[in-house]
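This report concerns only the one structure given below.
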Number of protein chains: 10
Amino acid sequence: MSPKLSALHNRMFKAKAAKKLSFEDIGKKIGRDEVYVASIFYGQAKPSKEELEKLSAVLGLPENHLKEELGEGFYPDRGGLMSLPPTDPVLYRFYEMIQVFGYPLKAIIHEKFGDGIMSAIDFSAKVEKVENPKGDRVKITLDGKFLPYKKW
Amino acid sequence: MSPKLSALHNRMFKAKAAKKLSFEDIGKKIGRDEVYVASIFYGQAKPSKEELEKLSAVLGLPENHLKEELGEGFYPDRGGLMSLPPTDPVLYRFYEMIQVFGYPLKAIIHEKFGDGIMSAIDFSAKVEKVENPKGDRVKITLDGKFLPYKKW
Amino acid sequence: MSPKLSALHNRMFKAKAAKKLSFEDIGKKIGRDEVYVASIFYGQAKPSKEELEKLSAVLGLPENHLKEELGEGFYPDRGGLMSLPPTDPVLYRFYEMIQVFGYPLKAIIHEKFGDGIMSAIDFSAKVEKVENPKGDRVKITLDGKFLPYKKW
Amino acid sequence: MSPKLSALHNRMFKAKAAKKLSFEDIGKKIGRDEVYVASIFYGQAKPSKEELEKLSAVLGLPENHLKEELGEGFYPDRGGLMSLPPTDPVLYRFYEMIQVFGYPLKAIIHEKFGDGIMSAIDFSAKVEKVENPKGDRVKITLDGKFLPYKKW
Amino acid sequence: MSPKLSALHNRMFKAKAAKKLSFEDIGKKIGRDEVYVASIFYGQAKPSKEELEKLSAVLGLPENHLKEELGEGFYPDRGGLMSLPPTDPVLYRFYEMIQVFGYPLKAIIHEKFGDGIMSAIDFSAKVEKVENPKGDRVKITLDGKFLPYKKW
Amino acid sequence: MSPKLSALHNRMFKAKAAKKLSFEDIGKKIGRDEVYVASIFYGQAKPSKEELEKLSAVLGLPENHLKEELGEGFYPDRGGLMSLPPTDPVLYRFYEMIQVFGYPLKAIIHEKFGDGIMSAIDFSAKVEKVENPKGDRVKITLDGKFLPYKKW
Amino acid sequence: MSPKLSALHNRMFKAKAAKKLSFEDIGKKIGRDEVYVASIFYGQAKPSKEELEKLSAVLGLPENHLKEELGEGFYPDRGGLMSLPPTDPVLYRFYEMIQVFGYPLKAIIHEKFGDGIMSAIDFSAKVEKVENPKGDRVKITLDGKFLPYKKW
Amino acid sequence: MSPKLSALHNRMFKAKAAKKLSFEDIGKKIGRDEVYVASIFYGQAKPSKEELEKLSAVLGLPENHLKEELGEGFYPDRGGLMSLPPTDPVLYRFYEMIQVFGYPLKAIIHEKFGDGIMSAIDFSAKVEKVENPKGDRVKITLDGKFLPYKKW
Amino acid sequence: MSPKLSALHNRMFKAKAAKKLSFEDIGKKIGRDEVYVASIFYGQAKPSKEELEKLSAVLGLPENHLKEELGEGFYPDRGGLMSLPPTDPVLYRFYEMIQVFGYPLKAIIHEKFGDGIMSAIDFSAKVEKVENPKGDRVKITLDGKFLPYKKW
Amino acid sequence: MSPKLSALHNRMFKAKAAKKLSFEDIGKKIGRDEVYVASIFYGQAKPSKEELEKLSAVLGLPENHLKEELGEGFYPDRGGLMSLPPTDPVLYRFYEMIQVFGYPLKAIIHEKFGDGIMSAIDFSAKVEKVENPKGDRVKITLDGKFLPYKKW
């Protein structure tokens, strides 16, 4: 599908489509959150040995294909899937949130935690659908460890 | 303080510092969330007449100064405070979250809601501190209306 | 034709050319405006199941090809077809209109509607030819929902 | 107000604010559309001698100030007010419309008019508010002369 | 030859080389200026039906190949052949002329014509060789319609 | 006027405006073409001692001011007045001519002259107004020495 | 000195120069490594209350000036001092090390530690001079906590 | 694996993976540091004849393949493997270290060595794992010759 | 070898490698300086008919292959082989010389020659190895015609 | 004169102009090459104590002004005076030489010296005027130490 994804990742997407599985479905079967599962499909996360075995079973793809390319010696070269600023409106809105609310969020983090950052590595993200008569709402929760700056 | 903020916004920051008020303190006094309050300080939100009156009281700044510059006829020219990609590590981590998790989040939004976007306008953001013995965690909640694409 | 369009989209363009159909012709047959139809051809809109069935009939392309690639699980990765600023004069003129009239339009929108934006999602566009002895005129109508900024 | 506008343009904005005039109000008094009037304020249009005289009366600014800086010898250096892509959401949405609908609009213009462009010079733009129980809509009409490519 | 030109355009260049024809030769046979002919070869102009028929005869390429790809439904996506600033010295010198003489030319156009532009659409360009004992000179004549800005 | 021009250049523009002189008027008095004169005003040409003396007389500016800043030791740092691509439509159209007709012009220069370039240094430019009932035309003549590439 | 540093930071640099103190000297007096001290001077680190008091004594600058601007409520907006790639050869060589050795370093980190990153927050840097008859050597030691990617 | 590496480099990576060798393993066999070995694999270093012979033995790849492509006449075109700023978090952290600590490091180098640079050519880099109960640490040592600026 | 060079240029590099010829060797046989010869190989110079015949003999490549692609009708599209700033350290050092010594060189050229430029077209470059016990030195001689700016 | 140079550097340029000294004149008096002297004026070289004393005498500027700003503790932040690519034709021609002859020069350096670079630090540059009846020539000699890549 995407020229920026490897052939194997494209096969994973095809198998998922053919089996009409959502990321949520897959997540339930391999015991991971759906966002995390999607990150594996987009080559943004390193699946463990167990995850690859379960993915092989769920997607019907040969285990050795998955393990050879995405196993032990594979460390994702993260990012790079999109040009920045992103052109797709869904992605751009995230970018706009940084443009507009980036400094306010930084200020609040410092007021609450002091001098440091919110980790994007020791980090998780979750998406929920909140039904609302005026129009459903997307609720995204970002959860990252606070890392204080070291002095030396 | 910042050359990208107006003189009045800088005065607001100075008054806040002199009175040792956090955005949370101010938020409580004017009945708004702290992130929203910070957005006003950074020129990213349009304060209402009532909010300006309360801010005048809280900060000890003349009401007419606030109303003349940030009142009725003021519509923020949002964004533009930072270069992109941001250089500050706190801001950059937000940018990195898009780089790495942007497509996974987009995929989940489509699976849960169909073809459309999460609004960055009918939108709010909240920051919480979650204490944790292994290191406190920053929890950010983003809440935006789902907007389906129109056909015509 | 275009290296940025998928093979299937290129087949759609070829079928359209071979059958000498304009987007207006196709639009009439599938009950959509011609601009919207062109958006489907350029991969910028998600066609519904019914639209794909009608397109299959109009273009003489196998329904399952269209449904597999552009059906249920397909969510367009919008934008990205052109470099910006655009090099083609037709596209550049749109870009120039933003450069020159962007702030005036923003100002009028705020004066008429208050603090908010014109949606590009709950949005439609129409092109009309207005005959004129001094030279025909292109009339483009853009129609987008006004979205007020949320406070919280 | 804006560092990219001249001191005189800023004075014009201040006078407008002090007199609580909308661009529509001013437009009615000088016989021009509000978008065109805003273009004068943003330095994007060259006002005629008559327009300057009327503006002087409406805004209460000395006629010679306006005529010396914006009169006879003044030819606007158009554009340049914003960085591109624009950071403000109102402006960005226009940009996004090009990203997403640029090629479809180009295709329809060619189908309707042949090989040529829609002028951004022999051009006008209008903004209307269309009330709607589900949310008011912004209607923008762009009207430009079709210019066919010359052969030689 | 060039990866940015279509296969058919490359075949046209090959046929031209094989027949040892200059653009001037071809121009004489099809009744067009050599610069215009070169524009067709580089995909920057839309050839008419008659031009395609004559090109087919001159180049010895099948008429239907030319007509299918460059005929009726073909509207060039102009520009995009070079990166900007151009790296080739011939092309760069044109770019440098704008850098250095752009504002002077703009000023003279306004002094001679008023507020408006020189069209790049209703436009032609000609190259002449002017022999000179101190070194021959390249004379380029650019001829474009003056378009005054519209008021509304 | 322009922040990119020196104070002295701005004084020259002001004196020109106050005396209601066109570049053509000044050119006649100092014996130079109007485009060349404009290049001096925009800091893009190095005026000779005689030219400075005549400019002093024509503009009514003290000769020593002109000679100290623009005399003997002054060598212009050419270019840099505009961002590229230019935002002003007059300037952009020149840029578009390169985008669209750059390769065709290069090809014709090579066919007529062989391997080399058209100089932008041993170069002159002229603007003429060609009256035409369908709309006056801007005729620009660019005249540059052909420089063959050296072999060694 | 530098336009990108605040007036107070420039005063700190001046005081340091007037007292002929090296960063090493200052570091010894305030109990910090010289690189860390330099980071404070360049506005890249948040000094503690105690550090500010000691700096006040060492530099002879009023304590309240330091505390007001760099104290409690000050959280550095890190980065942004240089354009990237850097133009200064010392800075550029660091950039070149990433260009050339970035992937090799990433590969070794993964082989030694698994999937994760080297922190730039829980991080320190040290510079040593290693004398060598063939030319002294600069030895830089970078020490950052390994942070494994979280799964969820 | 990587589209930016040559086919032969990719074969080297595959052979390494198939034989389950780390760069450290290979380094021990060919008598080089692991970072240097990785630099050879990423095409960033020029292997000597002896190194190629040993690599051939270790990896089981034909000696003549290695010697023909990476031997005598091969001089790496270094860099270019990543876009800058890098998107991968491991690589980005290196980039951030320059952003934040670049000037402090430059200042210390000058204070310790005078006017000159740290070479990135007469240079080596080492990675060590320092175990730590609070989380292991990555220790990178960069060692480059100091080069003083020449006067003339 | 390089994706930016044509297949024929790559064959030329291969033939050169197979015959173990340096550019100096080839230069001696075809009567040209080695830098010029290398420029032909990198597609940066237009070889004459005689040069192609000699190259055919020296490299053992069919004369007609060389003449068809690099002969009469071939005019190099110069530049474009590298991204700028260059990533390779050898190339970057040239770029750095401009960054650091560009204005000084410009100033000296003007002081010695007046208002004009050093041609990069009527130009040659030579590389010499100057042996030196403290380390051999690279001596590059650039020789370009001085071109004075024309007045008109 | 230049906004990118410090006030003191501008005073040096003014003193030089007032005394009608060329860089060559100054170079003779302080015992340095004229290019090197110009580098000091443009803030690209660090003058020694003796050079500052001589410059003070030659230019008639107070020694302590020079020593305070450009003495002991001053280490130039090199580069950054021009945007790249440069807009001035003299500077651009240097840039073009890299574009066109960069790879050929790199290839010859490797053939003559092996794997390494030409230093831009242990480096000097000289400009000579070579008279020639067909037009004088600028001869620039660049002399840099060869630095071989280290293995480890």
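Backbone N, Cα and C define each Cβ position, glycine as well.
TrEMBL labels come from automatic prediction, so no person has curated them.
Since this is a predicted model, take the numbers as computed values, not measurements.
Residues or ranges marked as domain 'HTH cro/C1-type' by TrEMBL: H:18-66. Residues belonging to the domain 'HTH cro/C1-type' (H:18-66) score a mean pLDDT of 97 in the model.
For H:Arg93 (active site), applying a Cβ distance below 8 Å and a minimum sequence separation of six or more within one chain yields no residues. According to TrEMBL, the feature active site maps to H:Arg93 (among others).
Long-range Cβ proximity for H:Glu96 (active site), meaning a same-chain Cβ under 8 A and a gap of 6 or more residues, is found for none. Secondary structure at H:Glu96 (active site), as computed by DSSP, is helix. Annotation source TrEMBL lists active site at H:Glu96 (among others).
TrEMBL lists H:Ser119 (among others) with the feature active site. Counted within 10 Å of its Cβ, the other Cβ atoms near H:Ser119 (active site) come to 21, all protein chains included.
In sequence order, H:Ser119 are the active-site residues among H:Arg93, H:Glu96, H:Ser119 whose C-beta falls under 8 Å from a C-beta of chain J.
Listed active-site residues: H:Arg93, H:Glu96, H:Ser119. Those with a CB under 8 Å from a CB in chain B, in sequence order: H:Glu96. Broken down with DSSP, the domain 'HTH cro/C1-type' (H:18-66) shows 32 helix, 0 strand, 17 coil.
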